[in-house]
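J.: Could you have a look at this structure, given as structure tokens, before my questions?
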Amino acid sequence: MARRTSRVSASATPGLAGVHAHDTADDMSLDVPEQLLTPEASRSETSSNNENASTEEKPAPRRRSTRVARVSLQAADTLDNNASAEEDETPKSSSQAYVDSLAKAKRTRSSLRHSIAVMESSLFPGTANDTMTDDHSMAPDTPVSKSSQEPPSEDMATSLQQRNLRKRVKKALAQDEGTPKIKTPKSSSRGSVRRSTRLSIVDKASDLLGRASSVLGKRSRDLSEKGKELGRRASLRPRNVAPEKEEPTPALAEPASKKRRVSESDLSKLQAQEASPSEEPTAPPVQRYKPKRWLSHGLYTGQEPTDSPPKQRRSKTSAKASGIPQQRKIMPMPMFVGSRMIQNGRDYQVPFDIFSPLPHGQPKPDEWRKTNKNVFIGDAASEWKANKKLELSTCMCEEETGCDEDCQNRYMFYECDSGNCRLGPECGNRNFHELKHRTKAGGKYNVGVEVIKTADRGYGVRSNRTFEPNQIIVEYTGEIITQIECERRMRSVYKNNECYYLMYFDQNMIIDATRGSIARFVNHSCEPNCRMEKWTVAGKPRMALFAGENGIMTGQELSYDYNFNPYSSKNVQKCRCGAENCRGILGPRPKDKDQRPKVVDEKKGLKKTKKLAGTKRKLADADENTTVRGGKKRRMITSKSIKASVKKAVAKATSARGKAAAKKTVSRGKAATKKGVKLPTVKTAARIKAAVRGPRRKAGTAKTSPASPAKKASPLKRPSAETKKQILAAAAKGSRAQARKSPAKSPAKSPGKPGRKPGPKPGPRKAPTKSPIKARMPDSKAKSTAASNPAKVKPTKGKSLGASVRSAAQTLMRSVKG
Ligand SMILES: C[S@@+](CC[C@H](N)C(=O)[O-])C[C@H]1O[C@@H](n2cnc3c(N)ncnc32)[C@H](O)[C@@H]1O
């Protein structure tokens, strides 16, 4: 820019000098050519310069001034050249050409005057007033208007102006070279142009703004300044319009009105706000959408929506009193629904499986050493003989039925396991296995029982949950001792005890539950809700308490029938079970009703059967020697008599062990029945008389029966040892007969199951020699059985092996009983 400026100045200087020289030629300079700069040419030149300068620095005021200077200098140069040319041609031109040149000169002068005025205002904005004062002919009017109004007789003034112009141009160029970046405010330079023409209006506007600035704050002043700036810019736009159009009046009025409009509007708003700060705000905006109406409750068909909440319970009187037509709040029931509901009814189930343990702080029994497994003590381990008969026990149950009541192992009180049963989870004869998992899981619910303190029977056991019928509850465990050891303990250790926890076990062994499980606290009842059963689990006898046929409800006290006979009539212990048919003593259940104990009414002297309530019964009512059984007085068992009976029982068992080897079990039961069993047993007599029962439905099975047959318990009575023996013998016979027969004649019932496939490749589970019970009942035996009992023994053909064995066992048991 500086380079171009210098170039322009270098080229302009001689031009100016030329113009000056031409001016000195005075009136001859009126002949100017038409190439003199016109506003259009100036604009084109300016635009071309703008295009060239677009990539360079653009200090707008200086560039514009430079352009104006160039334009003016070019015009002056052209004027000079034309003047010189005209000087050369003047003598040769005609009078008409002279007139034309005069007209052109007039136009050129007016254009030159306009350019000079623009240049002057651009270069010397600060001296606009000076210019106006110095050059009064240009001051108040625009160049266009001036040129249009100026008479052509002012040529001398034009020359003076041109001289002044030259001086100022020189001065400006000198300043431009010395200080290339003269920062002239653009607005002021532009405004100066306007001021020259709109001075009065601008003065008025600035006067108003000044007043407004004095009143308003900084922000308002800024707004006013901004409006002023906008107004100035807007007012400068028409500068590019050709001056020939001559429309200064609207161009002048528009910026002033804009300024005033902007400032006045802001000012009026601010003044209005300041004047009335407490005025109410304007009206809220109009909502374009209809507000959503939300319902607080549902509606029935035909019900009108209301804002009030529905009143479900409104009396008829209040409804009538209100006088408002009432709406139906609920739909009417279908017709006859009430009668149908009454007629059909529906099943419902009350809460059954309730867990309700006792709160903390219950009295706990003293001197209870707990053990949950049987422990062989002394010679009991060496004298114990494993039950070899277990090898013959293998059930043949199907998966569909599981090990239900027809399971042979169940019938003989053998628990199924992987060694004697091929079923898995479907097996329903694994009570002790279930109990093991339950106790292993722990927790009061899984244990299911807890010790309570009774009113008159010492401690007892209650359930804190429900048990299904025949479900195993708790195992009776303790120390397994021999009879000799039992006698020794009775003499020395338990000689001062009032309660004994001794129970006959198996093979003349005795369980001493003094150190044992919680089952030792279960009391006796003449109407028990549980039963104590001995089972053989993995070849070893184990005893456990099972729920009765009615199951156990939460909170019930558990009891079973001790069913032991006192050694003598003197050793009778009074029963406080409170059952309706209580026998009155802790003894065996009498065979008939006549033998039930009767209490003599001392007042009336009559003998009557008295119903004793365990908690309400007075001890005087059950006088020690007033219980009568079969017309004989029986003494309540004292601790001393119990000791004696235990001693005698042990002695008897010891002597009997050597006498009856083959009839050990039977003789033991019979001997105990005849001469009194001193220890609680597991219903030996009942076992001897046990008969095979058909599958029985459990009480309440509709609601409480387990979904899986694995949870079924055994309600069967225990078969006698002799029955077991005969069953096993028959099974062995059948096995031998089966072995003699052709395998082709004994087709398997389930050929798809490898364990039952006949032939040279038997199933992998059991070898035929080790499980003779798997063989079918021989045809000869079956025929003979059918001949003897045709109505009861069904043909074995087509029946399963288990059914055949069961049929043979039933026949044998009937013959034994007969
Ligand atoms: C195996 S213990 C039972 C637990 C015992 N109640 C306790 O506190 O340890 C047997 C003894 O309990 C008492 N007993 C059990 N049932 C009874 C009953 N129905 N009536 C009276 N006493 C009973 C008798 O003293 C019996 O000798």
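Glycine residues also receive a Cβ, built from the backbone N, Cα and C atoms like all the rest.
Features from TrEMBL:
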REGION    1-328  region 'Disordered'
COMPBIAS  40-53  compositional bias 'Low complexity'
COMPBIAS  144-163  compositional bias 'Polar residues'
COMPBIAS  219-232  compositional bias 'Basic and acidic residues'
DOMAIN    390-436  domain 'AWS'
DOMAIN    447-563  domain 'SET'
DOMAIN    571-587  domain 'Post-SET'
REGION    588-633  region 'Disordered'
COMPBIAS  589-604  compositional bias 'Basic and acidic residues'
COMPBIAS  605-617  compositional bias 'Basic residues'
REGION    652-818  region 'Disordered'
COMPBIAS  660-677  compositional bias 'Basic residues'
COMPBIAS  702-718  compositional bias 'Low complexity'
COMPBIAS  744-753  compositional bias 'Low complexity'
COMPBIAS  754-768  compositional bias 'Basic residues'
COMPBIAS  807-818  compositional bias 'Polar residues'
J.: What are the helix, strand and coil residue counts for the domain 'AWS' (390-436) according to DSSP?
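T.: With helix first, then strand, then coil, the domain 'AWS' (390-436) has 13 helix, 1 strand, 33 coil.
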J.: Go ahead and report the DSSP secondary structure tallies for the domain 'Post-SET' (571-587): helix first, then strand, then coil.
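T.: Taking the domain 'Post-SET' (571-587) as a whole: 0 helix, 2 strand, 15 coil.
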J.: In this predicted model, what is the average pLDDT of the domain 'Post-SET' (571-587)?
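T.: It averages 86.
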J.: What does the DSSP secondary structure composition of the domain 'SET' (447-563) look like, as residue counts for helix, strand and coil?
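T.: Summed by class, the stretch gives 16 helix, 49 strand, 52 coil.
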